[in-house]
């Protein structure tokens, strides 16, 4: 990737999205300050944890807002000297950096709150938040890449079938979700992926408090992670390929 082109696209993306970035930062700050007052609780760990869970949808929101803003000036994009791969790559990278920064900052607030509210060692607290962060990043990437693929597909289909493409994309979304649910219950999938489990369920009980995190995931093995990586890579590659063809037309 040409460094000058990368810097130019990075700056362009910043100008396009900075209002959304600042809005996201303002929402985080207001939530952390006002949520305990509104909920009438002194448990800052709870409100920080809720905000962390909301981060599951942050990356998807960043992706979709960025691509929709790009669609508003599609004529400029279509005549861009840069490939669709480069345009999409810069957008995704900047969105991920902003998402990760937000996640780290809010996690820091949660860790600080937990250190005051729970009688646990900093190592135990940090371990829980690290595992939570990894799972949030994985889920966020999976959802964002799936939505990116569907967005790219929608941009092509709407030229031929108009608004009907939205309903088709929604149907595809639920179809893929159903397929993933089904395949994970098959004997073949479980046989191929059931090695080296990595638990995302964590519980600590220490005198004054208990910290318990469970996202409904009993265990994710290396095989599971490889499967999701391959599956999400397909969404990324197909989505970028579709958009690159559209840019070149």
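Each residue, glycine too, has its Cβ placed from N, Cα and C.
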Margin query: transmembrane segment per TrEMBL: which of the ranges 45-64, 65-84 is that?
Written below: 45-64
Notebook entry, point to check: Do the transmembrane segment (225-243) and the transmembrane segment (96-116) share at least 3 Cβ pairs closer than 8 Å, excluding pairs fewer than 6 residues apart in sequence?
Noted result: no
